[in-house]
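Pulled from Swiss-Prot, these are the features on record:
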{"type": "ACT_SITE", "residues": "HIS322", "note": "active site, proton donor"}
{"type": "BINDING", "residues": "HIS136, HIS138, LYS219, ASP362", "note": "Ni(2+) 1 binding site"}
{"type": "BINDING", "residues": "LYS219, HIS248, HIS274", "note": "Ni(2+) 2 binding site"}
{"type": "DOMAIN", "residues": "131-568", "note": "domain 'Urease'"}
{"type": "MOD_RES", "residues": "LYS219", "note": "N6-carboxylysine"}
Amino acid sequence: MPASISRSTYASMFGPTTGDRLRLGDTELVIEVERDLTTYGEEVKFGGGKVIRDGMGQSQRTRAEGAMDTVITNALIVDWTGIYKADVGLRDGRIAKIGKAGNPDTQPGVDIVIGPGTEIIAGEGRILTAGGMDAHIHFICPQQIEDSLHSGITTMLGGGTGPAHGTLATTCTPGPWHIGRMLQAADAFPINLAFAGKGNASLPAGLEEQVRAGASCLKLHEDWGTTPAAIDCCLSVADRMDVQVMIHTDTLNESGFVENTLAAIGGRTIHAFHTEGAGGGHAPDIIKVVGAANVIPSSTNPTMPYTANTVEEHLDMLMVCHHLDRSIPEDVAFAESRIRKETIAAEDILHDMGAFSVISSDSQAMGRVGEVITRTWQTAHKMKVQRGRLAEETGANDNQRVRRYIAKYTINPAIAHGLSRHIGSVEEGKRADLVLWQPAFFGAKPDLVLLGGMIVCAQMGDPNGSIPAQPYYSRPMFGAFGGALHASAVTFVSQAAEEDGVGERLRLQKGTLAVEGTRDIGKADMKLNAHRPSIEVNPETYEVRADGELLTCQPLAELPLAQRYFLY
C-alpha cells in the first residue's frame, strides 16, 4: 500500500516538492517549486539505512556503462529556465543529465545511473544555481579571485595587470606581452578567467594583435580616449574577429554626446558598462542607451541597490579610482557630475522592469568583487518591498522576479561574451560550474562551489574536530589544488588565439575555450531582461522617465543579507 506523509515531513527528508514555497535568506522574496522531476516513493538519498546502497539505489553499472561521476540528489534548481526540483548527474566536468537518479535495475523512470563509482552530493533542502559570472573585473590584485569564488562566482572576465595605474582605472590588459603574462598567471587560480584587451585605437593593427594574443574581448574606456574614431575602429575589429566590445563612455562629453556615441556604434553589438552613469559615461544621460536594440546594458554593484549611504560613499570612491585630485576644481566637478541620486534611483526600477540586463562588480575600482550576488538579491528585495509583486507573476510567489534577477549574473553575461555554450545556466551539456546554497543563507554564503564538477570551496568547520564543527567558514577544497585545479577550470580566449594554439605557445596548464557568437546578438537575446523603454533624462533635475513614466524610489536604510550574516 502507498504510504502518505505530511508535506513538512516530506520536505525535511527529501526537500521541498511541487507547490512548496520557501523564503530566500532574510529577504521578502518567496519562491515556489514549479515541478518535480523525481518520483514519489522512489527518491534516492545517501546515508545509513537510506536508499543509495548496493543493489538498492546503487546499480552495478560501471562508468563505461553510463554511471555518473557525481549525482546531486533532490536539489531545488533556481535558474532563469525555471524553479524546479531534480537530481543532477555530472560526468567529465559537465552536466550530463537533469532528471531522476537511481538504479535502473530496481527502480522505474531512472535516467541518471548511480554506480559503484558515483559520488553523491546531498541536495535535499538545498538550492542549486549556476555559478555566477562577473563581467567587469579590474584585475588589481589576485586576492580578488578568492573573495569572488567564495561568494559563488565561477567566471571572471575583465582586464588589468595588477596595481598599475592603468588597471586601477580601466579594465584593460594592454598588448600581447601583458596578455600572455596574465594568461600564464591564470593557471594558478581555481576559477574560469577571461581577459579584455585595450580597445582604444584609431587604427586596427594594435587591436588585432591583442585578440590574436588571447584577449577574449576589447574594452573602450574614457580614460584612454573613447572617441568616435576609436569606437568605430574597435567595433570593426570585433566584427571581423568575433569578440565582444565593452564601453565606458565619455563622462565629460568632450568628443560628443550620447547620441554621437550611438551614431559611432552604428547599430553594432556592444556591452555598455555601468549604464546608469555613476561608474562613468555621458553625463547625465548615458542611461538612455537601455532603449537601444544593439546595446547590452549592465550595472556595477556600488549603486545597487540605492541606499541611504550610496551617494555619500561614491565621491570618495571616484576620486581614488580615477586618479583625481581634490585640490583641482575641475577634478571635483568631474566627480560630482557622475553622482546623481535621481539616475541611481531609476536604475533599481529599470532592473526590476528587465531593462538593465547584467549586474557585475567593477572590482576595487568603484565596486566590490565579493558582493555581486548579494547585491543582486538585495536589489530584488528592495523592489519587492517598494513596487510589490510583478504584474507577470502567477501564484503566491516571486518566481518571475527571481528568474529575472538570477539571469543578470549568470546567463546574460555569458551570452553577451560568447560563453553561453559552456556556462551560465543549469542545463544539460554545460560545464558543471554550480553553487549549492542553504535557503537561509541564499545570496550571502554558498554551501558548496563546484567548478568543472569538482568541489573547489565549501563551508567547513574545524579541521581538527572529530566532526566538521562550528565555526564554519568558507575554505578552499581539493579542486582548488594541484592538477585538479588545471583540470577543473578553463581560460576563455578568442577564436583567433585558440586556432593559433595559444595554450601550447604559452605552455598553459589550464584548458582554453574559444568565445563565439558575440556579434549577432543584442538586447533581445538577454533572457528575461530584454525590455527597451524610451528613456528621457531632464538635464537640469536629472529626473528619469521611461515611456513617459517618472522613475523614482526612496533609498533603503536597512537591507537583508547584511550584517547578521557576516559575523565572521
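Residue numbers in this text run from 1 along the chain shown.
From the backbone N, Cα and C atoms, a Cβ is placed for every residue, glycine too.
Known features from Swiss-Prot, placed on the structure.
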residue: HIS136; record: Ni(2+) 1 binding site; DSSP (3 states): strand
residue: LYS219; record: Ni(2+) 1 binding site; DSSP (3 states): strand
residue: HIS248; record: Ni(2+) 2 binding site; DSSP (3 states): strand
residue: HIS274; record: Ni(2+) 2 binding site; DSSP (3 states): coil
residue: ASP362; record: Ni(2+) 1 binding site; DSSP (3 states): coil
Message = What are the sequence-distant neighbours of HIS136 (Ni(2+) 1 binding site), meaning same chain, six or more residues apart, C-beta distance under 8 angstroms?
response = LEU157, GLY158, THR171, MET246, PHE273, HIS274, SER298, THR300, SER360, SER361, ASP362, SER363, GLY367
Ask   = Does anything in the same chain, at least 6 positions from LYS219 (Ni(2+) 1 binding site), have a Cβ under 8 Å from its Cβ, and if so what?
value = GLY159, THR170, THR171, CYS172, ALA196, GLY197, LYS198, GLY199, VAL245, MET246, ILE247, HIS248
Note = Students should find that the Cβ of HIS138 (Ni(2+) 1 binding site) has, within 10 Å, a number of other Cβ atoms equal to 26
Request  = Please name the residue among the binding-site residues HIS248, HIS274 whose C-beta has the most neighbouring C-beta atoms within 10 angstroms.
outcome  = HIS274
Message = Quick check: which same-chain residues outside LYS219, HIS248, HIS274 lie with their CB within 8 A of the centre of the Ni(2+) 2 site CB atoms?
response = HIS136, THR170, THR171, LEU220, HIS221, GLU222, MET246, ILE247, THR249, ALA272, PHE273, GLY279, GLY280, GLY281
Message = Mean pLDDT across the domain 'Urease' (131-568), rounded to an integer, is what?
response = 96
